[in-house]
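Single-structure report; data block below.
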Amino acid sequence: MINILMSGCNGKMGQVISRMAAESEDLMIAAGYDKYTKINNTYPVFDDLEKCDVKVDVIIDFSNPDALDGLLSYSVKNKTPLIVATTGLSPNQVNKLREVSEAIPVFFSANMSLGVNLLMDLVKKAAKVLEYNFDIEIIEKHHNQKIDAPSGTALAIADEINSALSEKQEYVYDRHSRRKKRSKKEIGIHAVRGGTIVGEHSVVFAGTDEIIEINHIATSKEIFATGALSAARFLYNKKPGFYNMNDLISETN
Ligand SMILES: NC(=O)C1=CN([C@@H]2O[C@H](COP(=O)(O)OP(=O)(O)OC[C@H]3O[C@@H](n4cnc5c(N)ncnc54)[C@H](O)[C@@H]3O)[C@@H](O)[C@H]2O)C=CC1
Ligand SMILES: O=C(O)C1=N[C@H](C(=O)O)C[C@H](O)C1
């Protein structure tokens, strides 16, 4: 049995993962961490990681960037593998994750779904072929409770595209403050927020008289929970290192 500490356990993702872990035979949530503690869970919930006296094998984090420092200290002190799915981290926080991955296994992904990771591969291929004649714009849509914008996934898609292009493009967020024509050296990134949209990402390659669009639509949060639980199985007993969905997909396929 792999014992998990669920960080952000009382949030939307934390609750979906708790339900799915309870249905699994090899994983259980042994403890939770959340600053909001007014929900009854089947496991003990701590509002301070220093108070957590439950021994766990892996941490899964779907919370807020504010929680990261405490999680890193706890993980390093207890040598506990850490899965970070929280988005909106600063570049400095991502660097810290890389640093601690020299001491403990760290898994970081802005999107735990298999589909989005396939989309990233397809988009990279398209970007290489269309590099010189097509303008690239990314549009993401999420529910009205989402805090960060643009989504971590939209930024990760833009990074993947940039890694495939011969010349690095500048990211342009929305366009309301710009009063000039679009340049050839940019990737536009746009966020839509409303209702209960689970998560949609669309990459538009707009050329002269033709448009190619590659889309991913999440219709339930369970796809992210499935990915996070697979990441827990993957990271348990791994050597220190910085892992992502590509490592998980190549090991399991
Ligand atoms: N990588 C992926 O596949 C996915 C990532 N996410 C990301 O996961 C995060 C959480 O998403 P949701 O569950 O929808 O949000 P939510 O707002 O429903 O839940 C967040 C939970 O974290 C808790 N929290 C906030 N700050 C905290 C702190 N400093 N210490 C401890 N607990 C704290 C809140 O009380 C809340 O219960 C977001 O950053 C979101 O973008 C969400 C879905 C998929
Ligand atoms: O907040 C969400 O809900 C989601 N956040 C992630 C992101 O910011 O990319 C992933 C997913 O789209 C859902």
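Going from the start of the chain as shown, residues are counted 1 onward.
The backbone N, Cα and C atoms fix where each Cβ goes, and this holds for glycine too.
The annotation domain 'Dihydrodipicolinate reductase N-terminal' is assigned in TrEMBL to 2-112.
The feature NAD(+) binding site is assigned by TrEMBL to GLY8, CYS9, ASN10, GLY11, LYS12, MET13, ALA85, THR86, THR87, SER109, ALA110, ASN111, MET112. According to DSSP, THR87 (NAD(+) binding site) is assigned to coil rather than to any helix or strand. Residue density at THR87 (NAD(+) binding site): 22 other Cβ atoms are found within 10 A of its Cβ, drawing on all protein chains shown.
Taken from TrEMBL, the feature domain 'Dihydrodipicolinate reductase C-terminal' applies to 115-248.
Residues or ranges marked as active site, proton donor/acceptor in TrEMBL: HIS142. Neighbour count (other Cβ atoms within 10 Å of the Cβ, all protein chains): 25 for HIS142 (active site, proton donor/acceptor).
DSSP assigns THR153 ((S)-2,3,4,5-tetrahydrodipicolinate binding site) to a helix in the three-state reduction. Counted within 10 Å of its Cβ, the other Cβ atoms near THR153 ((S)-2,3,4,5-tetrahydrodipicolinate binding site) come to 26, all protein chains included. What TrEMBL records for HIS143, GLY152, THR153 is (S)-2,3,4,5-tetrahydrodipicolinate binding site.
Look at LYS146 (active site, proton donor): DSSP puts it in coil. Here TrEMBL flags LYS146 as active site, proton donor.
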Show which residues of the chain containing GLY8 (NAD(+) binding site), separated from it by at least 6 in sequence, have their CB under 8 Å from its CB.
GLY14, TYR33, ASP34, ASP61, PHE62, SER63, ASN64, ALA67, THR86
Quick one: mean pLDDT on the domain 'Dihydrodipicolinate reductase C-terminal' (115-248)?
96
Nearest to ALA110 (NAD(+) binding site) by Cα distance: which of the recorded positions HIS143, LYS146, THR153 is it?
THR153
Nearest recorded site to MET112 (NAD(+) binding site) by CA-CA distance, among recorded positions HIS142, HIS143, THR153:
THR153
